[in-house]
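Visitor: Input: one structure, supplied below.
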Amino acid sequence: MEQFKGLQKTLYIWTDSADLDKRVEKVKSATGGEVALENVHRLSFSSYANSSFDLIVIECAQLTDNYVKLLHMLKPSGKLHLVAFIGPAGSLLQEVKLSGFINCREDADDALTAEKPGYETGSSARLSFAKKDASALNVWKISGDDEELIDEEDLLDEEDKQKPDPAGLRVCSTTGKRKACKNCSCGLAEELESEKQSKAATENAKSSCGNCYLGDAFRCSTCPYLGMPAFKPGEKVQLADNLLKSDI
């Protein structure tokens with residue numbers, strides 16, 4: 001019991017009341033602190049707070065279902081001392097280890113001693129290997145801090161900003177003369193053909209009433225010059241392209 005010297009608070013769990021005072025006094029003399037008593041059969045009904053004792057001494061330690069509770073009752077690094085146990089020491093030590101105790105051993109006086117870890121049950125600690133290297137993270141950056149950005153204004157010249165002439169975009173316009181190619185696909189062939197038909201229709205337009213030049217008041221309902229101002233007799237008048245075409 002000398003190994004428990006200096007422990008301030010002890011719980012003594014007893015089974016036999018004979019000479020109980022002597023056994024308790026022995027523990028008190030060895031530790032030099034306070035000793036509380038609890039019957040082994042009343043342990044499951046007790047309501048001790050967590051981390052209440054520095055040492056727990058048990059007689060006849062067949063308490064398989066209560067080792068976890070004893071672990072909670074001990075303070076961090078608290079001691080568990082089993083005396084007068086029944087059965088193989090190896091099996092009992094295995095049960096104590098599985099309950100969360102560490103440094104489990106058999107003493108020379110046919111007793112078993114175990115220790116609670118130096119931290120409270122359910123506590124957490126930061127792990128050093130979880131730190132991330134900032135330089136390693138920068139390797140995967142798409143843009144570095146020293147990369148220069150291109151000025152958007154330098155990408156286009158003044159000539160690029162000028163809108164092109166739609167007529168100059170045609171393939172046929174490269175000849176310098178408004179003449180459609182053999183396999184024209186830019187629409188110039190259709191445009192020239194339309195102008196040709198409009199011109200022919202205008203030249204062949206003849207007045208059936210002879211009053212077309214006088215104005216709309218003297219023109220018939222189908223006059224091609226309807227809507228145009230009056231003109232001199234014999235004067236050539238250019239009609240619009242859509243006047244001689246069907247509306248359908």
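Using N, Cα and C of the backbone, Cβ positions are placed for all residues, glycine too.
Here's the feature list from Swiss-Prot:
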- C172, C181, C184, C186: [2Fe-2S] cluster binding site (BINDING)
- C209, C212, C220, C223: [4Fe-4S] cluster binding site (BINDING)
- 4-129: region 'N-terminal SAM-like domain' (REGION)
- 130-161: region 'Linker' (REGION)
- 172-186: region 'Fe-S binding site A' (REGION)
- 209-223: region 'Fe-S binding site B' (REGION)
- 209-212: motif 'Cx2C motif 1' (MOTIF)
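Where in this structure would I find these features, and how exposed are they?
Guide: In this structure, C220 ([4Fe-4S] cluster binding site) belongs to neither helix nor strand by DSSP; it is coil. Taking all protein chains in view, 11 other C-beta atoms sit within 10 angstroms of the C-beta of C220 ([4Fe-4S] cluster binding site).
For the region 'N-terminal SAM-like domain' (4-129), the mean pLDDT of the prediction comes to 85.
Sorting each residue of the motif 'Cx2C motif 1' (209-212) by its DSSP state yields 1 helix, 0 strand, 3 coil.
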Visitor: What are the helix, strand and coil residue counts for the region 'N-terminal SAM-like domain' (4-129) according to DSSP?
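Guide: Here the numbers are 41 helix, 38 strand, 47 coil.
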Visitor: How long is the line from the C-alpha of C184 ([2Fe-2S] cluster binding site) to the C-alpha of C220 ([4Fe-4S] cluster binding site), rounded to the nearest angstrom?
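Guide: Each residue's Cα considered, C184 ([2Fe-2S] cluster binding site) and C220 ([4Fe-4S] cluster binding site) end up 41 Å apart.
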Visitor: For C181 ([2Fe-2S] cluster binding site), which of the listed binding-site residues (C209, C212, C220, C223) have their CA atom within 10 A of its CA?
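Guide: Within 10 Å of C181 ([2Fe-2S] cluster binding site): none of them.
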Visitor: For C181 ([2Fe-2S] cluster binding site), list the number of other Cβ atoms lying within 10 Å of its Cβ atom.
Guide: 14
Visitor: Do you know which of the binding-site residues C184, C186, C209, C212, C223 has the most other C-beta atoms within 10 angstroms of its C-beta?
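Guide: Answer returned by the neighbour count: C212.
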Visitor: For C212 ([4Fe-4S] cluster binding site) and C186 ([2Fe-2S] cluster binding site), determine the Cα separation and express it in whole Å.
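Guide: About 39 Å separates the two Cα atoms.
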